[in-house]
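*Asks:* These came from Swiss-Prot, pasted as-is:
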ACT_SITE  GLU19  active site
BINDING   HIS18, HIS22  Zn(2+) binding site
DOMAIN    183-267  domain 'PDZ'
TRANSMEM  5-25  transmembrane segment
TRANSMEM  170-190  transmembrane segment
TRANSMEM  345-365  transmembrane segment
TRANSMEM  390-410  transmembrane segment
Amino acid sequence: MNTLLAFIAIFSVLVFVHEWGHLYFAKKAGILCYEFAIGMGPKLFAFERNDTIYTIRLLPIGGYVRMAGEEPEQPTIRPGYEIGLVLDEKDTVKELIVNNKSKHPEAQVVQVERIDLVHDLFVETIDEDTGELVRYPIDEKAFIVQDEVAQIIAPWKRQFGSKPLPKRAMAIFAGPLMNFILGFVILLGLSLYQGVTLSSEIVINGENSPAEAAGLQDGDVITAVNGVEVDSWKEMTTEVKKYPGEEVSIDYERNGEALQTNATLSQVEVMPDEYEGFLGVSGVPEFSLLGSLQYAGNEFINMATSIFDTLGLIFTGQFSLDYISGPVGIYDITDQAVSLGIQTVIFFAALLSINLGVINLMPIPALDGGRLMFLAYEGIRGKPVSPEKEGAIQFIGFALVMLLMIVVTWNDISKLFS
């Protein structure tokens, strides 16, 4: 149960922050956002506020912000259609009833001669008594009602495509940006709470560790590993990681006296068939805002670059599905994190948040990076890709992403039962 709650909490926070970034900058640019969704599939909960429907959906595989103009959302109303008009006291259209007009006795039923729901916002009809053409202005926040479902209209000035390119790009980039900010803030908060390890002073971790076997003690300060001088915890651990399972020389100071010993390092598998050396020591934490900022920045860079390194294996032929995880694999890792304590769970959330930001910036159609790629093409070419072509490419990209998710999930399940 703890694992399930942690998984749901991490997923919800990461997706919420990502989609909130899209929503905030889209609304700031004046773009109408029809829906803000956490999850996919059937709707579990919904409420409406400021022209946007906020929903929680069943499947924890993502989320979305549906912006006006990105795809056809409104029912089509053409000349010759018979619709109902709900007017205010100034004869401005507040609602356009597409069907089931008998359920709306307040609506005036007319036959459409001309209609513009995008630019000039009007509907023209013939007055049955006089035979004259009558034009009704349409409120920019009028609703179209079809099958008793009301949806606000999207005038051109509130559509995604009407905004300057930088504002559109920011509305797309804001999702990954918020994940990066969240990841950094989590790392900073953890380091301020736990303290950060700056010096190479050590504390022995458990009995029978390589450090204890080599005669090292709490309070020793390591000054060199295999002849390479180290002045900080980061430099020391970087050198140790280079020698998995090997014997190394350790220079250290104890009570001001320079000493040396040899240690046979353990090895830890960090990726399939990839190992790092392990000495079995911890650092001595220090509480410093500057040190915490430095730690958070370094960890952020390390996490981001490790993701890029993994993705880079695709181009060298060394990539394996074991290097990535879908929802099932993430749930399994969450279970391991829960067993290690709340601070490990929070650290894992930071890693996932940064991971989500990086993956979403990949130039793959259906991801934010793919959408930014289309905007970059528009900026260079001077005009956007045709909606038909972009829609087809986005659909293919989405299908490939879904296929990859299915394959990865199957691989995760296979690993669980192997």
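Placement of Cβ uses the backbone N, Cα and C atoms for every residue, glycine included.
Just tell me what is around each of these and how deep it sits.
*Replies:* Residues near GLU19 (active site) in space but far in sequence (CB under 8 A, at least 6 apart, same chain), listed by position: PHE36, ALA37, ILE38, GLY63, TYR64, VAL65, GLY175. Mapped onto three states, the DSSP output places GLU19 (active site) in helix.
In sequence order, GLY63, GLY175, PRO176, MET178, ASN179, LEU356, GLY357, ASN360 constitute the residues six or more apart from HIS18 (Zn(2+) binding site) in its chain with CB-CB distances below 8 Å.
Confidence over the domain 'PDZ' (183-267), given as mean pLDDT on the 0 to 100 scale, stands at 90.
Panel annotation: around the transmembrane segment (170-190), residues 13-14, 17-22, 24-26, 29, 31, 67, 160, 163, 292-293, 295-297, 299-300, 303, 343, 346-347, 349-351, 353-354, 356-358, 360-361, 368, 371-372, 375 of the same chain, lying at least six beyond its termini, place a Cβ under 8 Å from a Cβ of the stretch.
Proximity of distant same-chain residues to the transmembrane segment (345-365), defined by a Cβ-Cβ separation under 8 Å and at least 6 residues beyond the stretch ends, is recorded for 6, 10, 13-14, 17-18, 175-180, 182-184, 186-187, 189-190, 299-300, 303-304, 307-308, 311, 330, 333-334, 337-338, 372-373, 393-394, 396-398, 400-401.
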